[in-house]
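Participant: Before I ask anything, let me first share the structure, which is written out below as structure tokens.
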């Protein structure tokens, strides 16, 4: 990624989360645990779903792809943040900064679209159960995954195409632990008002659009479930609760950032931590540990390995 001759900034300084050595050690211990747990948890979900034929359904296919996106999201900034806790002068190259912007918006945009696909899957399963196997076939699931990544990458490229050519001619301190797009834009040596509005419009439309689609879908589904009274409906309600919890925790900070994207408060930095470090942990904890089918498959996989070791 080359930048124009006007840009003399070759690296950015990340101010991180705190200047206190004790706090940085505390953050390192906590976020290391969260990072390792989220990566291993999502890898475990992919392995369990791919190894159990009983989980060969559209919902679990989409869930395993969500885990893959979460693994990508876990690795775009967290490893560097953990390493930077032991570095006094935290820097990132211009190219590395642009790569972070690309990766975060690609993964977040893809995850938003995949959550919509998962809501559609639940909508068909509960509202049109007799047509589920016909509508939600493997081909449609692959199309959903392809569209999710395509939208995420296009969303990211639309940001990066304008950011990479901005004239960065001096100020290079980013008050965060990664290259947060609004904070990077503010460092350009020009009036960035139009860029700020464009960033707000681009990201705001996709996040609000997906959020509204999810709210409408789950409202219809909940109304349908409420009209029924069976054990199947109870199981569906449990699954829906997990989905809705993830949607609220995922979209809450996201929408907040796009409502006030350029007037940052001190709490914003810690919301960014939740969004980038803790969100990938939602899938293993909320979706999978509350799912009886996944827990059953986990026990079978464990027993299979225990028996193979004994033999």
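Backbone N, Cα and C define each Cβ position, glycine as well.
Automatic, uncurated: that is what TrEMBL annotation is.
Note that this is a predicted model, so its numbers are computed, not measured.
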Participant: Which range is it, out of 75-97, 98-120, that shows up in TrEMBL as transmembrane segment?
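Facilitator: It is 98-120 that TrEMBL annotates as transmembrane segment.
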Participant: Select the range from 25-48, 140-162, 205-225 that forms the most Cβ-Cβ pairs under 8 Å with the transmembrane segment (271-289).
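Facilitator: Of the candidates 25-48, 140-162, 205-225, 25-48 scores highest.
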Participant: Go through the chain and flag residues at least 6 beyond the ends of the transmembrane segment (25-48) whose CB is under 8 A from any CB in it; none is fine as an answer.
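Facilitator: Counting only partners 6 or more residues beyond its ends, the transmembrane segment (25-48) has Cβ contacts under 8 Å with 17-18, 55, 63-64, 67-68, 70-71, 74-75, 78-79, 81-82, 85-86, 273, 277-278, 280-281, 283-285, 287-288, 294, 297-298, 301.
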Participant: Do any residues of this chain, six or more beyond the ends of the transmembrane segment (205-225), have a C-beta under 8 angstroms from a C-beta of it, and if so which?
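Facilitator: For the transmembrane segment (205-225), the far contacts come to 109, 112-113, 115-116, 119-120, 122-123, 126-127, 151, 155, 233, 236-237, 240, 243-244, 247, 251, 254-255, 258.
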Participant: Mind checking which residues reach the transmembrane segment (140-162)? Cβ under 8 Å, same chain, six or more beyond either end.
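Facilitator: Sequence-remote neighbours of the transmembrane segment (140-162) are 1, 58, 61-62, 65, 69, 98, 101-114, 117, 120, 181, 195, 198-199, 202-203, 206.
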